[in-house]
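**Q** Pasting the feature list from TrEMBL:
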TRANSMEM  A:16-37  transmembrane segment
TRANSMEM  A:57-79  transmembrane segment
TRANSMEM  A:91-109  transmembrane segment
TRANSMEM  A:129-149  transmembrane segment
TRANSMEM  A:161-187  transmembrane segment
TRANSMEM  A:193-218  transmembrane segment
TRANSMEM  A:238-256  transmembrane segment
TRANSMEM  A:276-296  transmembrane segment
TRANSMEM  A:308-330  transmembrane segment
TRANSMEM  A:367-388  transmembrane segment
Amino acid sequence: MKRIVYREWRIPPQRYWSLIGYLAALIGIGALSFGYMEHEGHWVTGMSNSVVWGMPHVFAVFLIVSASGALNIASIGTVFKKPIYKPLGRLSGLLAVALLVGGLLILVTDLGRPERLIVAMTHYNFSSIFAWNIYLYTGFMAIVIAYLWSMADRQGAPFNYPIGVFALIWRLALTTGTGSIFGFLVARQAYDAAILGPMFVALSLAYGLAVFMLVLFFCFEEEGRSIGPRVLRRLRNLLALFVAVVLYFVLIYHLTNLYMAKKDAFEHWLLLGGGFYTFVFWVGWILVGNLVPLWILYHPALSEQRNWIIAACTLVILGGLAAMYVIIIGSQAFPLAMFPGHTILESGFNDGVQGAAASYWPSIPEVLLGIGGVALSLLIILVGVRVLQFLPESLADEVVAPDEEQLAEAVAVKPA
Amino acid sequence: MHRLHAPHNQPSGDESPAEAVATTRRALIGTAAGLGAAALVAPGVVLHTLSAQAETAPITNKSRWGLLIETDKCAEGCRACIEACDHEHGLDRQVPEGSPSKWEQQKAVWIRKVKLQDNQTGRITQLPLMCQHCEHPPCVDVCPTGASFKRADGIVMVDRHLCIGCRYCMMACPYKARSFIHHNTTGQLTAVPRGKGCVESCNLCVHRRDYGQDSTACADACAATGHHAILFGDLKDPESPIRRRMREIQNRQIREDLGLNTGVRYAGI
Ligand code: SF4
Ligand code: SF4
């Protein structure tokens, strides 16, 4: 094992600037969409009084959840002392901050009164999980920045472990908090489940890692740095494990819901009769997001090929967006159960007449706003790796630390 | 009982018109008392004197305002309460935008009519549904800025200067009672500030409370049609008409299981 050398991302300037240009264009379009929605009001979106959180929330929550998951790689290296992950810690920290910034920006620009952000920062209602989250998010950024310092600076090295532990705990709280935004809504049948907190942690592990792997592969590929089979195998196995955990949580979540009679109607609707939402759930979330990636990642031949691993990561991300769509929008579209044992025949406020779901169709500006947020995250990452030493020069087998098992063997054979 | 209607465009925060109203009221109370219709008018006088103080004095928890809705009196096809509410709060000044179906989904609605059928028996019920003024309101719990708040007298409302339009309260309300203002608003009434990007819902005609009137627009309108399905009053006063009626007839909360102790109660559901 050699000393790990970190080096800035040295792709040719034209290539770099053209990438930045693309992203800036996407951000610009996102900004225009924001301006349009802000000026005209939310009526130009697909949102209504029934579906109040739309596509921007799908993107924002996905980014925020991935942000905390992206930090996982650093945690495994520091807290769980797996040396093979250590060289990836810096990139993992950068991703965590960048994805969080993108996600929060979408949330803020989707507010009805975004110019009142200052109100949100000066008036707190501490019974609101939202208000806690403002602290959790800002705290997360500060901690990750300290964490990065402890990884990159010699003076910070002694603090690396304690900061790493703290960051891990914080990020668990953060994702649980994000999940709890939904999990504590007693009124909605789809929510009101404490399991949403831990389920979001599981989702974050998978999505964060998938995003991390794609960014890593892309950066290394562009510049011709090498990733050895061992690192590749490690990341792949980890992703497979996380995707399986997601599947497990989804199963438990729906089984517990099915067990509770009052949630029967919702489950029946989502799993069988919800039309588009049922499709997004089964095809988007379960098939594309979980089963196909699992099949690829466990396939004896395909799982050895980089391009297939990349495909699996992409599918996990698409599945993640589908999952957010189902969790956020599907749960609002399903009518509130206000009168158990009754059917609503008429209502002046779209209360689910004859059990009908509320209609929602994402409008183009909403989607563009979401994409703008994603582009901003990517821009921060690209600029970050370009100007600072985030990327290890090589992740080839002979450079990275040996597997722990071999490490133990090596110690055993060496005379003490 | 005489009722004073605050001028439609009265600024709720302004003191002088309030005082003017108070003076008129005192004069009227004097006249009423002077007429000597003692037994009938006396409770009215007490009520009015109390509310006359309420304008200047801070709102206290001595009262808790609420509604009792007798669904069997709510008539098929009648929209009197909705129209009165829309007029009282300027919701009838909304200018439709987008396609009619889109507008249906996006316009602000404070009170709506719901028609239900019991799955078992087929019995049909009609009722007006609005913010239930929960004692433990989930909307207030989740609001990050404290814009959603509950007054000491039990009225739950939104401070439109603090609301950032995050719509979390709408996610949390079990009654889907709140509306988000999706579009530009014009011609608002000064007593009912409303604006694009904020959330709003039934406020139990809070401006009437603060000018000492003893009813809501919906209850008045319903009474005017002769149906008398909506009764407004003080849930804390054992002698108030609403409390007396609540003792007489079975009534319950919608989604009682949530334990929110709503200020709006329904008979016959
Ligand atoms: S009904 Fe809804 S808006 Fe009204 S107080 Fe209860 S939770 Fe809040
Ligand atoms: S939309 Fe306004 S009132 Fe509702 S939770 Fe957000 S800030 Fe509070």
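FYI, residue positions are counted from 1 along the chain as it appears here.
Every residue, even glycine, has its Cβ placed from backbone N, Cα and C.
Thinking about packing and proximity, how do these listed features fit into the structure?
**A** Remote same-chain residues near the transmembrane segment (A:91-109) are listed as 34, 38, 56-57, 59-64, 66-68, 70-74, 117, 137, 140-141, 144-145, 147-148, 151, 171, 208, 211-212, 215-216, 219, 369-370, 372-378, 380-381, 384-385, 390-391 (criterion: CB distance under 8 Å, separation of at least six residues from the stretch ends).
Within its own chain, the transmembrane segment (A:193-218) has Cβ neighbours under 8 Å at 62, 65-73, 88, 91-92, 95-96, 99, 172, 175-180, 182-183, 227, 235, 238-239, 242-243, 245-246, 248-250, 252-253, 256-257, 306, 309-310, 312-314, 316-317, 320, 323, 378, 381, counting only residues six or more beyond its boundaries.
Note on the transmembrane segment (A:276-296): residues 239-240, 243-244, 246-247, 250, 269-270, 302-303, 308-309, 311-313, 315-316, 318-323, 325-326, 329-330, 333, 357 of its chain, located 6 or more positions outside it, place their CB under 8 angstroms from a CB of the stretch.
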**Q** For the transmembrane segment (A:367-388), which stretch among A:16-37, A:129-149, A:238-256 has the most Cβ pairs under 8 A?
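**A** Result: A:16-37.
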**Q** When you scan the chain for residues with a C-beta under 8 Å from the transmembrane segment (A:308-330), skipping those not six or more beyond its ends, what do you find?
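**A** Counting only partners 6 or more residues beyond its ends, the transmembrane segment (A:308-330) has Cβ contacts under 8 Å with 51, 53-55, 57-59, 61-62, 65-66, 182, 190, 203, 206-207, 210-211, 213-214, 217, 232, 235-236, 239, 243, 270, 274, 277, 280-281, 283-286, 288-290, 292-293, 296-297, 299, 302, 360.
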